[in-house]
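Visitor: Here's the feature list from TrEMBL:
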type: TRANSMEM; residues: 21-40; note: transmembrane segment
type: DOMAIN; residues: 22-626; note: domain 'Major facilitator superfamily (MFS) profile'
type: TRANSMEM; residues: 60-80; note: transmembrane segment
type: TRANSMEM; residues: 87-105; note: transmembrane segment
type: TRANSMEM; residues: 195-222; note: transmembrane segment
type: TRANSMEM; residues: 242-266; note: transmembrane segment
type: TRANSMEM; residues: 316-338; note: transmembrane segment
type: TRANSMEM; residues: 353-375; note: transmembrane segment
type: TRANSMEM; residues: 387-408; note: transmembrane segment
type: DOMAIN; residues: 432-487; note: domain 'Kazal-like'
type: TRANSMEM; residues: 511-535; note: transmembrane segment
type: TRANSMEM; residues: 547-568; note: transmembrane segment
type: TRANSMEM; residues: 599-622; note: transmembrane segment
type: REGION; residues: 637-668; note: region 'Disordered'
type: COMPBIAS; residues: 642-668; note: compositional bias 'Basic and acidic residues'
Amino acid sequence: MGETEKRIETHRIRCLSKLKMFLLAITCAYVSKTLSGSYMNSMLTQIERQFNIPTSLVGFINGSFEIGNLLLIIFVSYFGTKLHRPIMIGVGCVVMGLGCFLQSLPHFLMDRYEYESTVSVSGNLSSNSFLCMENRTQSFKPTEDPSECVKEVKSLMWVYVLVGNIIRGIGETPIMPLGISYIEDFAKSENSPLYIGFIETGAIIGPLIGLSLASFCANVYVDTGSVNTDDLTITPTDTRWVGAWWFGFLVCAGVNVLTAIPFFVLPKTLPKEGLEDIAETVKNDKEEKQSEVRKKRVGITKDFLPFMKSLLCNPVYMLFILISVLQFNAFVNMISFMPKYLEQHYGKSASDAIFLIGIYNLPPICIGYIVGGLIMKKFKITVIQAAHIGCWLSLIEYLLYFLCFLMICDNSSVAGITTSYERVPQDLHVENVILADCNMDCNCPTKIWDPVCGNDGLSYMSACLAGCETSSGTGINMVFQNCSCIQTPGNSSAVLGLCDKGQDCSMMLQYFLILSVVSSFIYSLSAIPGYMVLLRCIKPEEKSLGVGLHAFCTRVLAGIPAPIYFGALVDSTCLHWGTLKCGESGACRIYDSTNFRYIYLGLPAALRGSSYIPAFLILIILRKHRLPEENASSETMLEAKFTGKENEGKETDQNSKVLNDDELKTKL
């Protein structure tokens with residue numbers, strides 16, 4: 001007898017360790033996929049400047065990940081459960097690595113990055129030709145030589161980034177639906193929320209590493225090693241600066257390939273966690289094999305349409321999808337363009353903006369996921385209670401969100417764009433008056449963006465437009481003197497770069513970040529209960545397809561279109577576009593901060609506000625269908641109610657006093 005018990009215990013420990021091994025592996029896969037995704041989102045402004053493309057096109061490149069995901073998500077979600085799920089996840093990780101490598105290729109195939117500048121070392125200009133000099137010919141006219149313009153074809157290299165992102169999306173497809181369904185199938189139902197909480201924590205650790213990597217890369221010049229950085233006339237805070245975006249993609253490629261290895265040694269199926277009796281385990285395994293054989297004989301697609309019909313007729317499930325689409329539209333926009341918002345509105349560099357996002361937002365989200373999972377496990381929250389927790393916590397966070405509208409900074413004061421040379425604010429919606437009496441005779445370029453900050457606290461588009469006549473120093477330490485447009489007592493001077501936004505703006509940024517900490521924690525608390533509503537309102541055999549269809553809808557209706565239309569709206573707030581060699585428009589150099597703020601904060605607020613209508617409908621439906629004798633087994637009854645098994649659900653409820661939750665799921 002002792003020998004038998006020992007054998008059973010050894011078998012149980014072995015099965016338990018395999019489930020824990022899968023949990024660790026899938027968490028690492030979440031880390032790698034979110035590492036790549038967060039890095040890509042953080043590098044959008046660098047890619048925009050590298051290829052001199054508008055924000056709307058950058059949004060399309062970002063949304064291309066969802067296009068790749070969309071190509072396979074439903075079929076992987078359905079057929080994946082009938083194949084070897086761990087191996088499919090491993091193959092997906094390898095494909096993601098290939099996509100990341102492809103995204104880095106343009107750097108090795110194109111020439112060195114050249115930014116527009118009147119004082120560029122590579123400009124072949126005489127020592128003082130960029131200063132205010134009367135009665136001279138225009139030295140800054142963009143070239144019209146066809147042989148030079150042909151080089152601009154390099155801007156099409158962004159197609160490599162686009163295709164690489166699509167491939168990365170294809171590789172990511174099996175990880176979420178197959179990983180979650182594997183955990184749901186073989187873990188105890190009361191442990192499932194905690195396990196998913198750990199997985200979602202991995203989905204936060206990944207972005208934390210990704211943002212740290214992005215912050216480092218954004219602070220390193222794109223062509224470092226091949227150019228002398230001491231000769232650069234720009235700093236990381238300049239809107240023409242491009243960081244080493246390509247390096248991070250190589251790191252992501254390596255990490256994705258490494259995380260694939262454990263999945264190739266994991267089994268296709270496991271015994272249900274908590275089964276003590278080895279005989280029961282063997283019996284379940286035999287029944288599973290027999291069921292699989294029967295399915296193969298009848299045909300693998302026989303129940304696909306019935307499953308789809310069942311899901312589409314499930315009111316709670318369909319309303320949850322509507323909520324997700326609206327919320328995803330809001331959050332995709334906020335996450336994708338948050339670095340740009342911090343750069344433009346608060347005057348931070350891309351590196352600092354990315355670092356601040358990682359430090360202030362990700363830790364509270366990580367803690368919120370774990371706490372939410374522990375609450376679900378400890379108190380054995382039912383689906384109705386989970387729906388209420390998710391809805392009301394999300395609503396509290398939404399109301400706090402409106403405080404962001406109070407944390408504002410003024411537009412950067414740039415003479416000829418946001419203000420006149422006499423410091424009178426200009427109407428931003430009329431044609432800018434770049435020239436003034438003080439620089440009319442300087443014959444300056446009016447399109448080239450090479451800003452300087454005068455000692456009067458006002459920024460100018462270039463040293464020439466500031467009326468500066470002499471200069472000293474080299475590189476970023478260059479100082480301009482005798483500037484006729486700078487109205488200060490004594491010697492007027494200017495230095496390279498825009499003027500700082502000031503101490504008041506720095507304080508507003510601190511308030512904004514503190515509010516984001518509180519909001520992130522509250523919202524993440526509601527994430528796990530909300531996800532449990534999705535998982536528990538559908539049949540067990542439909543979970544994988546249900547999760548996949550949910551992901552499909554959010555990608556089609558949010559992940560793909562949101563960055564494109566939001567990028568186009570951001571482009572509409574641009575005040576000055578960069579200029580390429582042949583005179584064509586490049587990336588935007590400065591935005592109208594006020595309108596940018598209204599779009600960045602206002603549109604997500606409207607989208608999220610509308611999502612609470614279907615959320616309240618879900619609460620009403622759940623309350624209406626709740627039975628009087630509902631107890632800890634209410635999840636089962638609701639599952640039966642919304643999946644057409646009312647009689648079976650009632651029978652289950654009557655026996656709930658003697659059956660635990662695992663037995664209820666088996667009965668269903």
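Glycine too: its Cβ is placed from the backbone N, Cα and C atoms.
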Visitor: Would you confirm whether the transmembrane segment (242-266) and the transmembrane segment (316-338) meet the contact rule of 3 or more C-beta pairs below 8 angstroms, pairs 6 or more apart in sequence?
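Guide: No, these stretches are not in contact.
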Visitor: Can you break down the domain 'Kazal-like' (432-487) into helix, strand and coil residue counts using DSSP?
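Guide: Across the domain 'Kazal-like' (432-487), the residues distribute as 6 helix, 11 strand, 39 coil.
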Visitor: Let me check one thing: do the transmembrane segment (387-408) and the transmembrane segment (599-622) come into contact, meaning three or more Cβ pairs under 8 Å with sequence separation of at least 6?
Guide: yes
Visitor: As a test of reading the model: what is the averaged pLDDT for the domain 'Major facilitator superfamily (MFS) profile' (22-626)?
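Guide: Averaged over the domain 'Major facilitator superfamily (MFS) profile' (22-626), per-residue pLDDT gives 82.
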